[in-house]
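Student: So Swiss-Prot has the following annotated:
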DOMAIN    2-118  domain 'MTTase N-terminal'
BINDING   CYS11, CYS47, CYS81  [4Fe-4S] cluster 1 binding site
DOMAIN    149-393  domain 'Radical SAM core'
BINDING   CYS163, CYS167, CYS170  [4Fe-4S] cluster 2 binding site
DOMAIN    396-467  domain 'TRAM'
REGION    469-498  region 'Disordered'
Amino acid sequence: MPRYSITTFGCQMNVHDSERMHDVLRCAGYTEAGSADEADVLVLNTCSVREKAEQKLRSEVGRLARWKRERADRVLVVAGCVAQQEGERLLKQMRAIDVVVGPDNIPELPGLLGDLAIGGLPIARTVFDLDAPRFLVASPPSPSSSSSPRAAPTAFVTVMKGCDERCSFCIVPHTRGPERYRPSDEIVAEIAALVAAGTREVTLLGQTVNSYRDPLGALPRAPGASADDPDESEFAALLRRVAADVPGLARLRYTSPHPRHLTPSLVLAHAELPVLPRHVHMPVQSGSDRVLRRMIRRYTRAEYVARTRALVEAVPGLTLSTDIIVGFPGETEDDFAATLSLVREVGFKGLFGFKYSRRPHTPALKLPDDVPEGVKGERLARLFEESEALLAAHLSALVGTTQEVLVEGRDKERGHGGAGGALWSGRTGRHEIAHIDGAGELDLLGEVVEVSIARANKHSLQAELTEAARAAARPRQRGGLEPRPARRSLPVVAAEGG
């Protein structure tokens, strides 16, 4: 059996794409190698959002040249957004690459590898599936099979792909294409299958996930509402349908939304659906109206504040996190000060910060990149300092409280397990990471457990099971089934969304 290995760079969508590549390769008879050195086929699933993505790929391919030379039959595949962006140019520029495959062409990967194995030439396949969008689904273990691995507690489900927003800094519309939506019936069916296999939390994925529309018109609208009613949201209707049709689901998250589509009906869904956790990641990118206009974000600072405030008021205790770019062309010190003041005003409990980098095929490429790199770095450091202070105060305030944590797995590498041995780790409903001490002898995987917060770490919480949770927990069985991993490869660079 040919063996494969996948290395993933970039955003959560890329992680999900890699999981689907695992599925299509396994179904075609490939087996996963223990490491890249043992692989016959090595896939690099690339990200092009950040600066110098092509140079980073060239460096990685150069590093793998010896791996290729060791055996003539080894195959190097480049997938993801750099593959979509560069296409056949990659084959001409880097002769070590055998196959280039775009995100929409993942189902064709086994066939491309098969053609190559019988003497075919290196090939690039980067065609958007505009007429008949294909959405690869997860393949959970059968709930009826006692020998099947347990499903991971968390899973990702794609509801749409592509983006129509066309923010001036973003290459995603070029690498992922226009928005295409998946029928809600298919989405609900996939989530139901995951939950039946043991998954407790599902995250809905889309480049601008809350702009979702059912292509078959199967979701109900509010009485009297029209399709173009700005207060309505088919995405909110999708959330309601999942909540109603999959009652065993513990938590339903989504990423990445766009502030323009944070409608009153979506706010109301958050207020009324217990399955939606009290945390939303809502990218803002800048706190300056002048910069937001140059970014073509199509909202003002005041509109962002008003919409997120409505959400927080509707769901007491809800926390927000965000994405911010510093050093966008023309950003002044006053513009950056406006961003810092927005961070304080909204009170973000987490953020992903990035230095602006010029990307091909983006409108901002025409603007002078006039903020010096040193200034960008200094502003990013100040942004993180502000964010760290807000997070520290938030985590400290939780000490002594009781929280519900969805246990996602064992945390053996952190080295601060309690008396019960290895540590369990999970997230609260507000997305705080919690490490549970002194419960190594219990089987908590996939359970929503009540914990008492003992102390705050820099980016997480240290917790202990309450007496009631400990009494209700199952003892850990030696030799029991291990969960199937939720993520088989780790993203090495976070990418801004929304």
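The backbone N, Cα and C atoms fix where each Cβ goes, and this holds for glycine too.
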Student: Give the distance between the Cα atoms of CYS81 ([4Fe-4S] cluster 1 binding site) and CYS170 ([4Fe-4S] cluster 2 binding site), rounded to the nearest whole Å.
Tutor: 12
Student: Pick from CYS11, CYS47, CYS163, CYS170: which of these binding-site residues has the biggest number of other Cβ atoms within 10 Å of its Cβ?
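Tutor: Counting every other Cβ within 10 Å of each candidate, the maximum falls on CYS170.
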Student: I'd like the Cβ neighbour count for CYS81 ([4Fe-4S] cluster 1 binding site), meaning other Cβ atoms within 10 Å of its Cβ, all protein chains included.
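Tutor: So the Cβ neighbour count for CYS81 ([4Fe-4S] cluster 1 binding site) comes to 27.
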Student: According to DSSP, collapsed to three classes, what secondary structure does CYS167 ([4Fe-4S] cluster 2 binding site) have?
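Tutor: It is coil.
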Student: Can you count helix, strand and coil residues in the domain 'TRAM' (396-467) using DSSP?
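Tutor: Helix, strand, coil within the domain 'TRAM' (396-467): 3 helix, 37 strand, 32 coil.
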Student: Looking only at DSSP and grouping its letters into three states, which state does CYS81 ([4Fe-4S] cluster 1 binding site) belong to?
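Tutor: DSSP call for CYS81 ([4Fe-4S] cluster 1 binding site): helix.
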Student: If we check Cα distances from CYS47 ([4Fe-4S] cluster 1 binding site), which of the binding-site residues CYS163, CYS167, CYS170 wins as closest?
Tutor: CYS170
Student: Taking only the Cα atoms, work out how far CYS11 ([4Fe-4S] cluster 1 binding site) lies from CYS170 ([4Fe-4S] cluster 2 binding site), in Å, as a whole number.
Tutor: 13
Student: Determine which residues of the same chain, besides CYS163, CYS167, CYS170, have their CB within 8 A of the center of the CB atoms at the recorded [4Fe-4S] cluster 2 site, and list them by sequence.
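Tutor: Sorted by sequence, the hits are GLU165, ARG166, PHE169, ILE171, VAL172, PRO173, GLN207, THR208.
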Student: Within the chain of CYS167 ([4Fe-4S] cluster 2 binding site), which residues six or more apart in sequence place their C-beta under 8 angstroms from its C-beta?
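Tutor: Once residues fewer than 6 apart are set aside, CYS167 ([4Fe-4S] cluster 2 binding site) is near GLN285, MET295, ILE296, ARG297.
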